[in-house]
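Quick look at what TrEMBL lists:
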{"type": "TRANSMEM", "residues": "18-41", "note": "transmembrane segment"}
{"type": "TRANSMEM", "residues": "215-236", "note": "transmembrane segment"}
{"type": "TRANSMEM", "residues": "242-261", "note": "transmembrane segment"}
{"type": "TRANSMEM", "residues": "298-319", "note": "transmembrane segment"}
{"type": "TRANSMEM", "residues": "339-363", "note": "transmembrane segment"}
{"type": "TRANSMEM", "residues": "433-461", "note": "transmembrane segment"}
{"type": "TRANSMEM", "residues": "583-606", "note": "transmembrane segment"}
{"type": "TRANSMEM", "residues": "618-636", "note": "transmembrane segment"}
Amino acid sequence: SVKGVATDCFSLLHRGCTDIICCIFFIVAIVGYVAVGILAWTHGDPRKVIYPTDSLGQYCGQGKLEKKPLLFYFNMMKCASPMVLLEFQCPTPQVCVEKCPDRTLTLVTAIAKPEDWKYYKSYCREDPGNKPMTEILQKKLCPAYLISSKPFLQRCFPSLGKKGEVITVGDQDKFNDGEKIRDAKDLVAGMKNATVVMEGRQVAMKIFEDYTKSWYWILICLLIAVVLSLIFIVLLRYLAGIMVWVMILMVIAVVACGIAYSSIKYVNLKDTAGSNITLQQLGFQPDFSVYLHIRQTWLAFIIILAILEVIIIIILIFLRNRIRIAVELMKEASRAVGYVMSSLFYPIFTFFLLTIVIAYWGITAVFLSTSSEPVYKVFNETDCPHGRQTCEPENFTISAMKTDCPRSECLFAFYGGETPYHKYLIFFQFYNVFLFFWCANFVTALGQMTLAGAFASYYWAPNKPNDMPAYPLCASLGRSLRYHTGSLAFGSLILAIVQIIRVLLEYIDHKLKGAENKFAKFLLCCLKCCFWCLEKFIKFINRNAYIMVAIYGKNFCRSARDAFFLLMRNVIRVVVLDKVTDFILFLGKLLIVGLVGIFAFFFFSGQTDAFKDAAPSLHYYWVPILTVLVGSYLIAHGFFSVYAMCVDTLFLCFCEDLERNDGSAARPYHMTTELRYILMKDADSGKMILRIT
């Protein structure tokens, strides 16, 4: 019977577990992933990248040093050594202190005054007691001098100033380092090297601070994106034809507004001093707002937006007839979504699972990268045969190294290790990245198969919606997990392998940036291009394979083969109809991102009087704007992906329906009359195109 043919696709009696071997392999890999996480959490310590470390490897502001959050360098002059940039460590003792020194003193002058000496001892490595000054300096128990300093990135740096063109420290252009009188400008090189190794951290801390100030408004902007997406989806359900054309016209209008605004800014900056400097002359600036005062920036915006506008208009002109047919297909998809309304909220479940995967990967990566042990090395001011060799601080004073080099010090250098765990650390990092790709692809695949099963149940139901399952989305999710976990794991594994190869190619490309071998660069560029194309192709095959698995319950390879050849037999419809629908949905995403992005720009940049008082004060206002843009796109993509999956599923079911049935009483079509009219009309016009060409 007709109903029997329809229910055959979803009958649990005809289904069995597919790709069992891959399912077992996936479960074992997940267990291994958990084991790697436990190992990382056992050995790792994120404090290593958050807090500064003294010469003994202790964290300032933590544990017994909780009241000493700042790091003080005994001799900032030693930081001027080029080795600082190689080993990221100044060859001078460092101690954690409660506050930075606010006066300039030498050891000689401090010992003479009890009050100064009591203050001075708070910057010593240990209490010198009644030891003579020569012994204190020889054992480096205390610094030879103190300089008035200020905290910066949890470290004490000399308070340098200027009197005219002369650099000063503590209002003086000279200071006593305990040995001789030096110019204050001599400190600049040391401060520069000590700061270079922390510039990235400084920017990261400012970005983090911006997030703490703006997270509330970022969430509001993302909530606006959710509301806009829901409004568009609901309107598509009832006014699909009108909404598609409204979306297209609004995208054109938004891009045109961007061109007009950029043109106004470009003209207004004409007589502004310094606005005619080129972007190449300006170079990279972490504060992106600097670029907005350059005319060339707005000229670039005008050119980019104008090109985008022209491309969109040309595509619309050539595809206007196809868009009319695609609109009808969107109406049919809207009817299917209307019967499975819960599908609109399924992307939230997918997003929740992806958040767990990303969080687990990120936390594990941080703990793995901080699971090394402190390594100490010999630092000496003069030539020493043991220089830069590994040492043990506990017994260094009685070691042969100290005997051979009396003025040497055993200082903390970096984090490393020689244990079996540390030897396999790079393997654990690789495994963490690979399982991240695999799990993320699995979650995405689960969403695709679940939605495909729900919408396919709508298509194959003879009497819609009476013959559909009571809860089609839940039923489809249950089938996917119960019977097809192996197929999901198989498809996502293939994609993960290609993605990890792409990551390795990017890493190799980064390492060969300075290479002069043109052939190697050309070969690497070709490989990157090929694997990018391969990834796109596999995603296309996987998506349609999951639809076939959801319909017939066959294994992944057979479903992928059937889907591929079915699409090839209907390649005209795939190119001229299915992809036109994808383009329309992309314009919808672009519209939502554009509307929310414009609001975020005027709000966070403070360029509108209405938002000046409400907008938070930020270091880089592009941080929340970029976050809102990316977040809005992901939100819009999540909601519109439901429609995209519905269109792809209906399209594949239609092609299968045409080959299985002939429209007779014995084998009637399962497609609706409207869908048959749309796609048959498109097939006739497609054949006409082929005859003309």
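Glycine residues also receive a Cβ, built from the backbone N, Cα and C atoms like all the rest.
Caution: TrEMBL annotation is automatic and unverified by curators.
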For the transmembrane segment (242-261), distant same-chain residues with Cβ under 8 A (at least six beyond the ends): 232, 235-236, 301-302, 305-306, 308-309, 312-313, 316, 323, 326-327, 330, 584, 587-588, 590-591, 594-595, 598
Dominant neighbour of the transmembrane segment (18-41) in 298-319, 339-363, 433-461, 583-606, by Cβ pairs under 8 Å: 433-461
Same-chain residues at least 6 beyond the ends of the transmembrane segment (433-461) whose Cβ lies under 8 Å from its Cβ atoms: 5-7, 9-10, 26, 29-30, 32-33, 36, 336, 339-340, 343, 346-347, 349-350, 353-354, 357-358, 361, 365, 467-469, 472-473, 475-477, 479-481, 484, 488-489, 491-493, 495-496, 499-500, 503, 542-543, 546-547, 549-551, 641-642, 645-646, 648-650, 653-654, 657, 670-671
Remote residues contacting the transmembrane segment (298-319) - C-beta distance under 8 A, at least 6 residues beyond either end: 248, 251-252, 255-256, 258-259, 262-263, 265-266, 269, 279, 292, 580, 583, 587
